[in-house]
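Working notes, beginning with the structure itself.
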Amino acid sequence: MKASPHRPTKALIHLGAIRQNIQQMGAHIPQGTLKWAVVKANAYGHGAVAVAKAIQDDVDGFCVSNIDEAIELRQAGLSKPILILGVSEIEAVALAKEYDFTLTVAGLEWIQALLDKEVDLTGLTVHLKIDSGMGRIGFREVSEVEQAQDLLQKHGVCVEGIFTHFATADEESDDYFNAQLERFKTILASMKEVPELVHASNSATTLWHVETIFNAVRMGDAMYGLNPSGAVLDLPYDLIPALTLESALVHVKTVPAGACMGYGATYQADSEQVIATVPIGYADGWTRDMQNFSVLVDGQACPIVGRVSMDQITIRLPKLYPLGTKVTLIGSNGDKEITATQVATYRVTINYEVVCLLSDRIPREYY
């Protein structure tokens with residue numbers, strides 16, 4: 001989707017806030033711990049290349065979801081190590097070697113498929129993924145882990161790391177987290193040779209389970225100033241939200257009682273009202289279920305009336321405002337603030353999804 005810079009709708013990204021969040025997290029983890037910045041999904045909607053360039057001196061490497069995201073970073077001139085967290089296509093091995101990426105290996109079948117195709121693995125670097133209870137990808141038995149390690153090393157692969165991912169690190173109960181941790185530790189203790197890099201800490205683990213950090217952490221949601229638990233757990237220290245979502249009034253009118261708004265005529269004015277149009281809609285990631293949520297104009301909460309359209313929303317104003325008046329959808333306006341977590345709560349989802357859904361049609365502006 002092509003960006004629309006000639007619209008007033010934009011996402012403002014505070015790169016300094018991201019750097020401060022990295023420094024804040026770094027100050028609360030053991031000295032010498034490697035810091036990997038997770039910039040998958042366009043850096044959680046913040047812009048992968050711009051974010052990675054801004055923080056490259058603050059981190060030891062980057063994590064992405066797939067090889068195309070990794071290629072984007074290399075082609076932008078970023079030289080730090082890049083770990084691809086997902087399972088890559090067999091055909092991607094040559095690209096991984098060419099661009100010096102680190103691949104995730106999650107199963108013996110994948111390795112065997114490479115060997116069956118006689119793919120040259122010499123010089124490839126990998127991390128082994130352990131499924132300690134997340135249930136998506138990874139080895140579950142130590143015998144499989146050691147078999148994979150032996151096969152890979154026999155064919156010239158550098159098995160640099162081993163990692164897992166926790167399913168409930170951002171929840172109040174530690175029971176399942178501790179069970180996963182023990183399973184991961186058991187596998188490590190049973191291995192004849194543990195790879196150099198061992199990491200299990202995502203943002204939530206880094207924040208609330210610092211005592212369980214191995215020798216590297218993966219900084220994701222929290223790096224962007226978001227609370228991984230939403231509103232379930234309090235942050236142990238301050239983080240600065242890096243993203244503000246803004247637009248402006250493009251049409252303002254006074255309507256009589258009985259006037260209807262939007263598809264389905266789901267809103268009807270019960271009195272004379274001031275209604276304004278804002279150019280953002282579900283094609284931008286401001287989803288259709290946001291009817292009745294409020295945005296901020298002149299420091300005041302103004303409800304979205306009528307259904308969210310593909311490109312526009314209508315809001316009710318307390319009075320007439322001139323065209324071009326700023327509208328804040330996420331961020332501060334006057335003495336009020338709307339957070340990504342508040343948007344997520346209204347949608348019955350998580351703040352990760354709110355920022356990741358902001359489409360490429362919204363220009364990102366950096367400061």
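Numbers run from 1 along the shown chain.
A Cβ is built for glycine as well, from the same backbone N, Cα and C atoms used for every other residue.
Look at Swiss-Prot and you will find K40 (among others) tagged as active site, proton acceptor. Under the three-state DSSP scheme, K40 (active site, proton acceptor) falls in the helix class. Spatially close to K40 (active site, proton acceptor) yet at least six residues away along the chain are A48, C63, V64, S65, N66, E69, L85, judged by Cβ distances under 8 angstroms.
Taken from Swiss-Prot, the feature active site, proton acceptor covers Y263 (among others), and the record attributes it to sequence analysis. A sphere of 10 angstroms centred on the C-beta of Y263 (active site, proton acceptor) encloses 11 other C-beta atoms.
Close to M310 (substrate binding site) in the fold, though at least 6 residues off in sequence, lie G281, Y282, A283, each with a CB less than 8 Å from its CB. Mapped onto three states, the DSSP output places M310 (substrate binding site) in coil. Taken from Swiss-Prot, the feature substrate binding site applies to R136, M310.
Marked as N6-(pyridoxal phosphate)lysine by Swiss-Prot: K40.
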I'd like the Cβ neighbour count for R136 (substrate binding site), meaning other Cβ atoms within 10 Å of its Cβ, all protein chains included. 11
Cα of R136 (substrate binding site) to Cα of Y263 (active site, proton acceptor): how many Å, rounded? 40
